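Chemist: Questions regarding the structure given below will be posed in turn.
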Amino acid sequence: MADNLFESTSEHTSISVFLFLFVPGRIWLDNVHCTGSEKSLAHCESNGFGVSDCKHSEDVSVVCSSKRIPGFKFIRNQGLTVQVEEVRIRATYSHRKRIPITEGFLEVKDGGKWRQICNEDWNQMNSRVICGMQGFPGEKRFNTRPYKLLASRRKKNYWGFSINCTGNEADLSDCKLGREIEKKGNSTCGKGMPVVVSCVPGRVFAPSVSIGFRKAYRVEQPLVRLRGGAMIGEGRVEVLKNGEWGTVCDDNWNIRTATVVCRELGFGSAKEALTGARMGQGIGPVHMNEVECSGFEKSLTECYFNPNSLGCSHEEDAAVKCNVPAMGFHNRLRLSGGRNPYEGRVEVLGERNGSLVWGTVCSDSWGTMEAMVVCRQLGLGFASNAFQETWYWQGDSSADAVVMSGVRCSGTELTLEQCLHHGKHVVCPKGGGRFAAGVSCTMTAPDLVLNAQVVEQTTYLEDRPMYALQCAHEERCLSGSADKADPSSYRRLLRFSSQIHNNGQSDFRPRASPQSWVWHDCHRHYHSMEVFTHYDLMSLNGTKVAEGHKASFCLEDTYCDEGIQKRYECANFGAQGITVGCWDTYRHDIDCQWIDITDVKPGDYILQVVINPNHEVAESDYTNNIMKCRSRYDGHRMWTYNCHTGKRDLFTLCIKDEIFFSKKK
C-alpha cells in the first residue's frame, strides 16, 4: 500500500489512517499542523518525512465518524437546507468499461443511499453544470429510447427535490433547489423518468477507436494556456496577444471567470480560482485586468476587462484548478519500496503471457521527463529526481521482471504508456532489479527564466587574443577552429550578460551533491552542473553556425526581490542554488559568457540561449527556458533586438525585424 498510503476514499477513511499510524518501525511525521482544508495528511505542515524526535509511546490515533461530511449544499429561498453527499453519472452496463464515463443516469447520494432525480423539471443548464463538475466542458443530446426502456424495468428510488441551475455555476452547490417532489414509490415521477446526462469530453480525454487517447496533452485553443501547475488542468493563466504571451491580473478574479478558462481548455468547471501568483509568477506583460465573465463565453478573450487598469505586477498573477475526468490512470502505476509515498521504484501494470502483471521499467534512457510523467500520472506533482538505480528500495519481489523498456517522454503525456517505448518487445540489457527505474516527486518545483531585456541591452563584440583564452579553451568555450589557431591570433567573441530568475515555488538546486562537483584547476572553481546553459547562433532556417556553453561556475543569489533573504553564496565553497524570488547574474565580462563567432560570415541570425538544456533539474515549466533574439552582423558590428522568452514563430520575428530596421533608416 506504499503508493496510496495517504489516499483515502470516503468509505475507508478510518482504515487508511490506522494503517498509517500503527505500522511498527519508523515514525514518519512529527509536529503536524493542518488547516483542515488539505486533501491528505501528507499535505499538512510538519518537520518533514522521517524527521522526528518522538517515541512510539507518543503515537497518535483517531476515531472517525461513521457519518460522512456532506459534499454539497443546496439552499432554498425559504431557508430550507438540503445536504447531498456525492454526485455521479452511472453508466449503463454496455458503457461501464468506457473511460471516461460521459453518459448515464444521474444519481445523488443522500443519507448513504444513491437516488435518482426526476427529469420533469430538468433542463439543459442543469446538465451543463453536472458535466462541468465531472470534468467535461459541455453537454450534448442523446438517444432517450434505451434509457426509457431501462428505467421501466428498474426499481427507482427518487430524490425528493428538483434542481434549478442557470448554467454558469461552477458547482451544484451554487444552484438553487426547485420544487419538492412528493414521493409515491415507482409512480413518484409519473410524467417522466430518471435524469440522464450526456457530456462532451475535452479533446485530450476523448477516446478514439483507432489510436486510443491522444498521445500528449495540448490545449485546444492557442489564445489561452496554463503554466506552472503540478497536475493536469491547473496552472497560471496566460493569454496570447499580439504574438506575445502574458498573464492575467487577479483583480476581481473569481470562480465564474476561472470556469470559462477551464472549459475553453477542454476541462470541466473550475474547482478553485487562485490569486496572488499561487502557481508561480509569469513573465512578460500583464494582458488582462479586472476580468468579468458571464460564464457562457467560449473563451476568456471574449470576457470584459479593463484595458486602462495599470499597476498590476506578476505577484498578482491569476491561476486556476479545473475539474478533470476520472480516468483511473493512477491504477496502472505505483511506486514501491520508498521511504514515503512520494518516492520509490516505478512499477507498471503490463501484459505478460496474456495476463496483466506488475513489473518494473528499464532504466536505460530514464530521465527527468519520464519521471515528470510518472509523478503527474500518480497525482504527486512534479518530479524532483529520476533514478536509474533503485537497489536501496526493496520493492515487491513478484514485480522484479521488466515489463517496459525504451521509454522516451516529451513531458506532456498523461500516462507513461503514452510515451514512446518498445511495446511488447522488451529490451533491457541491464535487466531490472537494482537497475529498475525510480522517481521521487514533489508538489512544488523551481522555474528558471532568463531576463531577455538584459541580454538585448548588454550584447557587444570583443576581439580577444588567443593567449588570453587558455582557460576558456580548456573548458571548450571556443569554436573548433581555435584548436589550430596561432597563440598570437584573435578570436571574435559575442558577449552578453545573463540574469536568471527563479519564478517557481521552490529553490533551484544542482542535481549533483557537492561531493561530486567537478573542480576546474585553471579557473579555480567547482562546476555543480557541467552544462548550465547553451548559447547558439543560428541562421534563419534554424541551422547552427556557432555555439557556446556555460557550466555553472557557481549558482548563487546575486540579488533578491525586496523582503527575500539570500540563501546561496559561493564564497568559501558555500551551498549553490537560486532561491525563489532571487536571480543569479553571469556578467558579460567573465570567461565563457560568449559565443565565438570568429568564423561567422556577415548576415542575419538568431541568437538563442537555453537554460538547463539537458533537464538535469526538474522545473515546473521548461517552455520559458528558451530565449531568442534577432541579430544582424555586418562583419564589424552586431545588432541584437527583439529578444523574447519562449517560442515564437519565425514569421513574427521577421515582421518585427523589418519594422526595426525601417525605423533605423
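From the backbone N, Cα and C atoms, a Cβ is placed for every residue, glycine too.
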Chemist: Among Cys409, Cys441, which cysteine does TrEMBL link to Cys419 through a disulfide?
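Modeler: TrEMBL says the disulfide from Cys419 goes to Cys409.
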Chemist: If you measure Cys34 (disulfide bond) to Cys419 (disulfide bond) at Cα, how many Å is it?
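Modeler: Rounded to a whole number, the Cα-Cα distance is 37 Å.
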Chemist: Return the single residue from the disulfide-bonded residues list (Cys34, Cys44, Cys165, Cys303) that has the minimum number of other CB atoms within 10 Å.
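Modeler: Least crowded of the disulfide-bonded residues Cys34, Cys44, Cys165, Cys303, by Cβ count within 10 Å, is Cys34.
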Chemist: Under 8 Å Cβ to Cβ from Cys293 (disulfide bond), same chain, six or more residues apart: give me those in sequence order, or none if nothing qualifies.
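Modeler: When sequence neighbours closer than 6 are ignored, Cys293 (disulfide bond) has Arg256, Thr257, Val260, Leu300, Cys303, Tyr304 within Cβ distance under 8 Å.
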Chemist: My understanding is the cutoff is Cβ-Cβ under 8 Å with a sequence separation of 6 or more in the same chain; which residues meet that for Cys409 (disulfide bond)?
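Modeler: Listed in sequence order: Met369, Glu370, Met372, Val373, Leu416, Cys419, Leu420.
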Chemist: Based on DSSP, tally up the residues of the domain 'SRCR' (89-200) by helix, strand and coil.
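Modeler: Residue counts in helix, strand and coil order: 28 helix, 35 strand, 49 coil.
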Chemist: Around Cys175 (disulfide bond), how many other CB atoms lie within 10 A of its CB?
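Modeler: Summing over all protein chains shown, Cys175 (disulfide bond) has 20 other Cβ atoms within 10 Å.
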Chemist: How many other Cβ atoms sit within 10 Å of the Cβ of Cys419 (disulfide bond)?
Modeler: 21
Chemist: In whole Å, how far does the CA atom of Cys175 (disulfide bond) lie from that of Cys44 (disulfide bond)?
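Modeler: If we compare the Cα positions of Cys175 (disulfide bond) and Cys44 (disulfide bond), the gap is 32 Å.
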